[in-house]
């Protein structure tokens with residue numbers, strides 16, 4: 001495996017050397033120098049391609065990790081990478097850092113631009129073989145330069161993070177470098193997509209840049225995100241915790257929600273990142289790419305007519321509905337292991353990218369809670385920022401009750417999802433498959449939050465609450481509870497009261513859902529919304 005990786009590294013290095021030649025520098029008149037300018041350039045370039053040297057490259061491979069340049073080679077289209085600042089070196093003179101042995105062309109990060117499936121992207125890849133990928137002033141300067149360029153031309157930024165943190169020898173200059181990067185992250189937010197792929201350690205101040213980007217992915221077993229490491233935690237709180245427990249991929253994809261997905265290894269992560277990139281527009285001013293679609297837009301889906309159980313309390317898998325409706329069952333789920341009671345992700349309808357949001361009856365009956373509300377809100381806001389239409393599948397019995405939720409701030413966090421849907425001006429299509437109870441009905445992209453098209457299936461139950469709870473209030477003391485429940489269901493727990501009032505646009509046959517959505521998306525493609533001017537909104541953070 002290591003040998004194969006080395007071969008790829010050499011090949012990648014050769015391609016990079018070719019791409020970076022043609023600088024137009026002449027050596028005429030310099031023959032008296034011991035080493036010509038051209039030879040010096042070649043030597044510097046060769047040193048840059050080797051990073052921290054073969055010994056450190058081998059150590060990187062033994063950890064099951066690719067080098068910074070190998071990662072770029074796998075991520076980008078062959079021959080498309082145009083490197084910048086290959087000759088930049090750190091400026092630190094303290095602690096022996098001025099010695100030639102501590103100078104590496106390019107320092108500890110590789111930066112530049114390239115293409116993924118022919119589409120422009122800017123990339124930085126931290127090089128753990130050089131000072132552990134630690135961030136120096138020069139390192140930060142290189143990253144900031146490509147981020148500025150990406151904002152200027154309107155292209156995404158992908159960061160491949162593998163760094164031990166700030167370079168201690170540089171002191172405050174390293175901290176200033178982090179702040180410079182954070183500022184670019186904020187400036188670029190909502191302008192260009194920003195993606196972080198954590199492929200090694202990422203600790204201390206370094207963690208805030210991935211946290212500010214739109215999506216954070218991790219590699220299992222080799223990547224870590226934490227503000228303070230296990231040793232500091234032990235000294236301060238007396239907790240014994242491993243790196244993996246504290247900030248590993250499992251922790252951040254299942255417990256904290258900091259990371260959006262985790263992949264098995266570097267190769268798997270980079271291949272998935274290429275696929276994910278295909279769903280995204282280059283900027284907020286550009287449409288998402290359109291893929292040729294061989295899945296008929298008017299395709300009927302007969303299995304949807306029986307997917308919702310007749311028993312209102314029986315669970316089913318919302319993913320079965322999503323996969324059946326979208327193009328070729330291709331769904332890139334975001335945060336699949338976190339807050340599983342809501343499903344979010346990207347798909348295509350008739351070749352065009354859409355954002356999917358759906359309650360998951362298989363988990364907590366699809367109730368909204370703190371984590372699912374925050375997960376859904378962040379996804380909805382990303383889609384709105386980058387003009388990606390939203391399709392929402394609703395089966396929600398309400399917000400999860402209990403002191404843990406109330407003490408945790410479910411009111412404030414639940415309001416985030418409501419706010420996100422209300423704020424969104426992209427095309428919004430909602431399908432109520434079964435339950436839509438109480439305030440959760442309002443929150444899930446209802447007509448009242450300016451949903452463009454709102455459908456209900458015949459199995460929909462749109463009401464203030466479920467029949468049992470309602471009967472206990474309305475028919476308190478009533479002798480025939482079953483009759484009372486039947487009366488409530490007849491009057492309220494069905495799609496007709498909402499349809500009569502225009503709160504749903506139509507009650508549709510489930511099998512026609514794909515055809516109806518594709519047709520609506522075509523009509524809504526020219527949608528324009530004008531809102532009152534404001535400096536910025538104040539979402540309940």
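Glycine is no exception: its Cβ is also placed from the backbone N, Cα and C atoms.
Note that the structure is a prediction, hence the values are computed from the model and not measured.
According to Swiss-Prot:
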TRANSIT   1-28  transit peptide
DOMAIN    34-292  domain 'CoA carboxyltransferase N-terminal'
REGION    34-535  region 'Carboxyltransferase'
MOD_RES   101  N6-succinyllysine
MOD_RES   250  N6-succinyllysine
DOMAIN    296-535  domain 'CoA carboxyltransferase C-terminal'
REGION    327-360  region 'Acyl-CoA binding'
MOD_RES   476  N6-succinyllysine
MOD_RES   491  N6-succinyllysine
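Within the chain, the region 'Acyl-CoA binding' (327-360) has long-range Cβ neighbours (under 8 A, six or more residues past its boundaries) at 215, 253-255, 257, 260-262, 275-276, 279-281, 288-295, 297, 317-319, 321, 366-369, 371-372, 374-376, 379-380, 382-383, 388-396, 444-445, 514, 517-518, 521-522. According to DSSP, the secondary structure content of the region 'Acyl-CoA binding' (327-360) in residues is 3 helix, 19 strand, 12 coil.
Residues within less than 8 Å, Cβ to Cβ, of residue 491 (N6-succinyllysine) and separated from it by at least 6 positions along the same chain comprise 497. Between the modified residues 250, 476, 250 has the most other Cβ atoms inside 10 Å of its own Cβ, all protein chains included. Here the domain 'CoA carboxyltransferase N-terminal' (34-292) returns a mean pLDDT of 92 for the predicted model. For residue 476 (N6-succinyllysine) paired with residue 250 (N6-succinyllysine), the C-alpha to C-alpha distance reads 48 Å.
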